[in-house]
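A short write-up of the structure that comes next.
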Amino acid sequence: MGVANIIYALFLLGPSIFLKATAQTHPIVIKGNAFFDSKTNERFYIRGVDYQPGGSSSLVDPLASRSCKKDVEIFKKLGINTVRVYQVDNSADHDKCMNALSEAGIYVILDLNTYRHSISRAHPALSYNKVYLQHLFATIDAFKGYDNVLGFFSGNEVVNDEDTTAITWVKAVTRDVKAYIKKHSDRHIPVGYSAADVAENRLQLAHYFNCGDESERADFYAFNMYEWCGYSSMTVSGYYDRIKEFSNYSIPLFLSEFGCNTVEINDDTTPNRPFTEIEAIYSHDMTPVFSGGLVYEYSAEPNHYGLVVIDKDDERRVSRNFITLMKQYAKTPNPKGDGGYKKAGSPSKCPANSTQFNAWEKLPEMPEGAKIYMEKGAGEPLGIEGPTNMWSPFHDGDDDESTSRRPKPKNKPSNVTSTTSYTSGMTSSSESGSSKIGVAFCQALFITVLIATLSF
């Protein structure tokens, strides 16, 4: 019997010998720096995977796909309680999939952005417009009725190096999204940010999202962190350092992506990922500060992180790494009691600007054209292929049509720092100095001409 057949035979033994997901979902609420089940009052730990077949820039909405129920059965085998979805079509019907997930005890953390709707790293002020906010608000409307929506991400890795300029507008988006939920949803749905693990500004960025007025602060914060590789340890991986750094952080923290793949390679050319960090993540050392995490990623893509192979006939085949992760989840219980969470804490102090961190404490006001959506609702959802907010030198994204090009999808890197995003703009955030000067000059010239034209 081949290795693949042995793996599949073990898989078919079913969840009876492994940890089962609870077969119901109640809204998740936040108390102090932790998540709790609103009905049972038990602490909730995220045990999940990142779920976007085709990659994070795929046009396929997995929550509207006919294949969702197949995947839910596999999630149940894996023993998870949460999936993260990077992109959805807000005009599609998600009832069947969301209900199937709920019946399996599985929650969804949803990124509100798409490859056509996000804050541009290069032109954040221009991409923050009515087209963009209408899309985000319409996505909230499409999902606010599902009790198993754990939360929304207002951004993913918009900052992935030392240039943090765009983060001011992401925090403004966080404020706007929270305000929209408060006005138009029957329940509070938490809103947070998923950060790249950039050592130079890791702390400043986290504190920035947790400082200022409550209406502007994130409800939770997450890292895409790949520091633990293979058979590592709390010390070698830096996990102990992260615990110390965030010991006084007052909102829930979790790993929105984890699972290094720079490890020993199997004979089938796939990485041998032992997932030994699972025991650490759900240990008494971690749970006073962190509330679990999501393994990157469900489906096999060219980047070699996938747990499940989806063939051309849409059939699923689990990998050795899937079986390994399933066993690690099964043998690692959550800590008893409340896991040492902090019942009350103080918001962070807004970090000072420096050569490695630059953001405004005073946030920009919501665009005038978007205020009608805040007041009266987003209106008709326009879907992934609807108008884009992306800006080019001849289009500011604030009209009903866009000339913006689709950015090329990015795969996960093979190093320990994640850089997944929807490119967040038409130009790279790592432009050369001369390129930045040229862009700045063109912007200034364009705005001058625009103002002159409007004045005329």
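Here the Cβ of each residue, glycine as well, is placed from N, Cα and C on the backbone.
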Same (1,3-beta-D-glucosyl)n 2 site per Swiss-Prot - residue from Glu157, Glu216, Glu264 joining Asp197, Arg202 | Glu157
Cysteine of Cys97, Cys211 paired with Cys68 via disulfide, per Swiss-Prot = Cys97
Cross-link partner of Cys229 (disulfide, per Swiss-Prot) out of Cys211, Cys260 | Cys260
So how many of the residues in the region 'Disordered' (334-353) end up helix, strand or coil by DSSP?
-> 0 helix, 1 strand, 19 coil
In Å, rounded, how far does the Cα of Cys229 (disulfide bond) sit from the Cα of Asn156 ((1,3-beta-D-glucosyl)n 1 binding site)?
-> 22
Asn156 ((1,3-beta-D-glucosyl)n 1 binding site), DSSP three-state class -> strand
Largest pairwise Cα distance, Å, within the listed (1,3-beta-D-glucosyl)n 2 binders Glu157, Asp197, Arg202?
-> 12
